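Everything below concerns the one structure shown next.
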Amino acid sequence: MAAAPPLSKAEYLKRYLSGTDAGLEGGPESGRKRRKKRPKPGGAGGKGMRIVDDDVGWAAISTDKLEKEEEEDGDLPVVAEFVDERPEEVKQMEAFRSSTKWKLLGGYSEDGHFHNDDQDPSPPRKARHDTPDASPPRRVRHGTPEPSPPRRVRHDTPDPSPPRRVRHDSPDPSPTRRGHDSPDPSPTRRVHHDSPDPSPPRRVRHDTPDPSPPRRVRHDTPDPSPPRRVRHDSDASPPRRSHRNSSAVSPKRGHHGSSGTSSPRQAHNHSPAAAQHRRTLDSSGAQHHRRARHDSPDLELPKAKSSKAAERPSSKTVSQSGLGPPHPSLSMNSKYEHDSDLSPPRKRQAKAHFGAKKQLDSKGVCQKASDSDLSPPRKNSKSGHQDSDSDLSPPRNRPRRQSSDSDLSPPRRRQRTKSSDSDLSPSRRSPRSGKKTPHMYSGAKTGLVADVQREHQELKKQDQDATDLGAQFEFTETVFRDKSGRKRNLKLERLEQRRKAEKDSERDELYAQWGKGLAQSRQQQQNVEDAMKEMQKPLARYIDDEDLDRMLREQEREGDPMANFIKKNKAKENKNKKVRPRYNGPAPPPNRFNIWPGYRWDGVDRSNGFEQKRFARLASKKAVEELAYKWSVEDM
């Protein structure tokens, strides 16, 4: 089949634009029939059902809306509008007051006026759990403006911003305590409902101005009011957790003396320390220094304190000292009113001291102001304040503690009341009077010349005694003692050892003779004697040799007619001698050990023939060896 001719671009474009009619009119494809496409099942034909599971997240919706709004705003014409140049706080307050989303308890009176008893410049805290607010806390950044509607707010503060849960580890230059008369630029936290409230009585905080009697105040604020109970150290740390209701661990504290974003922190519920940590220095600025707690922002250690056990001495101190009127809610909140910190001491900020080293309180007790003490205040019943710059208030009934600069040690026992500026050394024992006299660096005593001479004489005498003692025992003989402690005589021991060795050698020789055999030893000795005797004779033996003739005569020969005569003569000779009887019968068969039979043997062999077989085997073996030797040497 021939290939179709190629089409030009113009022709192809013409057919494409004209649709199917152009294809039918001309070209080789015009005669072909096109197949109808079948509609796919489940398509747009209306048959079946399609389920689309597409969950759109809130983040995507919010971003899409923002983008669309921006695009629409770009298309709209530019129109002059009213610009509200008021501060952000005022705008938020207006929006908060005009909003109906929030129901305030005790914040507004019936006439609609907002009771702002406490302008709080402090950063937000977490609300106590005894407040009737069930809204959840939000975790936000304190540096970004919050456009969301206000959340849980203090009932006595004009801040409509939402509460935040704050972090414990970012340094914060903003004030962290509640000021009494400075506007609040920082976002609010969950707060205590301690403003005038028609609701039932609650545990109130001691840092809000209320009609109760005055409490301790800060020692560096020119405050003519009666004393209030405050912390005497600029606390840069978040409130600690008590065993009961607060267990917040704050690894870092921010410095809260400069304006800026508020310090992130998470104040725990019912924290008694939060009530006393949040007080400002003066009443004019929005951000002022707090008096530092005896801890630095970075060296804070985790601590857990028992509010119940730690606050009872505080209430006792207030009632006994009588320097300030008692708080009406003292009986109810005595366990929350004072921060008796049992945590390890920390460095104190030198923020609120302003160079004051020593100051006298109303009773004239002088106490050193420790500029960089890191330890928390200890309970002390003595009056005396460490750091009061311009304190015009009456004397406070505040526990005095022993301040120690750069003190990182664990809390001391409360019996110690003396303050030491920078004494980190262990306690010294005072020299006992009358026991030791002072000495100079050379070691000599101080005093009269006669005493010095007497000392020299004593030293010389001691040296002489030591020399004499050394000379006395220089050439002495060493004394050896046994285990019982008695002296040992080495010479006598050597003699005893020698005698014992000789006796042992004799016994060994006797056992050696017995082991070799006495008969063999006697026979060997006899052979030696005979050999010596023969050596003394001439070289050749003759017939006239008496010894040779006797030996030949005593021999017994088989078949000798004179054998019986010889035996009888020997028997007669040996009759008078006491000799054991011996077998004298015919020659017995040989055995392995050459044992002679007893004198009563009758000559009958009653053995099993083992001895005879043994000797026959030995004889045959020897014969074979001789035959082999002869065969090996026969051709030589």
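Including glycine, each Cβ sits where the backbone N, Cα and C put it.
The coiled coil feature in Swiss-Prot is assigned to 448-537; the stated evidence is sequence analysis.
Summarising the annotation, Swiss-Prot assigns compositional bias 'Basic and acidic residues' to 294-314 (among others).
Annotated compositional bias 'Basic residues' per Swiss-Prot: 345-356 (among others), in sequence order.
The compositional bias 'Basic residues' feature in Swiss-Prot is assigned to 429-438 (among others).
Feature annotation from Swiss-Prot assigns compositional bias 'Basic and acidic residues' to 452-464 (among others). As a summary of secondary structure, the compositional bias 'Basic and acidic residues' (452-464) carries 13 helix, 0 strand, 0 coil according to DSSP.
What Swiss-Prot lists as SUMO2 cross-link is K65.
What Swiss-Prot lists as phosphoserine is S135 (among others).
According to Swiss-Prot, the phosphothreonine annotation covers T144 (among others).
Residues or ranges marked as phosphoserine in Swiss-Prot: S161 (among others).
Summarising the annotation, Swiss-Prot assigns phosphoserine to S186 (among others) and lists a large-scale study or a structure entry as the type of evidence.
Taken from Swiss-Prot, the feature phosphothreonine applies to T208 (among others).
For S234 (among others), the entry in Swiss-Prot reads phosphoserine.
The phosphoserine annotation in Swiss-Prot covers S271 (among others).
Feature annotation from Swiss-Prot assigns phosphoserine to S283 (among others); the stated evidence is similarity to another entry.
Annotated phosphoserine per Swiss-Prot: S284 (among others), in sequence order, evidence recorded as similarity to another entry.
Feature annotation from Swiss-Prot assigns phosphoserine to S296 (among others).
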Number of helical, extended and coil residues in the region 'Disordered' (554-597), per DSSP: 14 helix, 0 strand, 30 coil
Residues from the same chain, set at least six apart from the ends of the region 'Disordered' (554-597), whose C-beta lies under 8 A from its own: 603, 605, 611-612, 614-615
